[in-house]
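Reviewing the structure listed below.
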Amino acid sequence: MEKTLGLHILADLYGVEFDKIDHVEDVRELLEGAVKYAGLSKLSSHFHQFYPHGATGVILLEESHISIHTWPEHGYAAIDVYTCGGKEKTFKAMEYILKVLKPKRIDEKVAERGTVPVHKEATHIEKIELETV
């Protein structure tokens, strides 16, 4: 039996309104809103304003990270959401971003990361047998 340690969503968003992705304050608010909406835990963040247009930013999470890089002059934003906090939280963070940015087109890749074996817990009988050997 195996389990996946994390889920990674890479999304290219096209047809995003210029004003939604041009300013670093809006980009910061977007990612922080996604973190809160998904119930993720922020460790730190870094954001940068480009001139004449665009912004980039990343929030480091206890569960991994969420990032954005924008080209508002092309109506384009590259989004990266990777968490080990459960698939639901990863999808919720992306759902929030899509609701706010309302892209006309989305190209998305979803990857399960870190598939590892799951060891079953020994039953009570197996524990007794191991202790008496």
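Glycine residues also receive a Cβ, built from the backbone N, Cα and C atoms like all the rest.
Positions annotated as active site, schiff-base intermediate with substrate by Swiss-Prot: S64. Note: S64 (active site, schiff-base intermediate with substrate) has non-local neighbours G6, Y82, T83, C84, G85, i.e. same-chain residues 6+ apart with C-beta under 8 A of its own C-beta.
Positions annotated as active site, proton acceptor by Swiss-Prot: H69. According to its DSSP assignment, H69 (active site, proton acceptor) is in a strand. Cβ contacts within 10 Å of H69 (active site, proton acceptor), excluding its own Cβ and spanning all protein chains shown: 18.
If you look up Swiss-Prot, you'll see C84 marked as active site, proton donor, on the strength of sequence analysis. Under the DSSP three-state reduction, C84 (active site, proton donor) is assigned to coil, being neither helix nor strand.
Annotated pyruvic acid (Ser) per Swiss-Prot: S64, in sequence order. According to DSSP, S64 (active site, schiff-base intermediate with substrate) sits within a strand segment.
When other Cβ atoms within 10 Å of the Cβ of C84 (active site, proton donor) are tallied across all protein chains shown, the result is 17.
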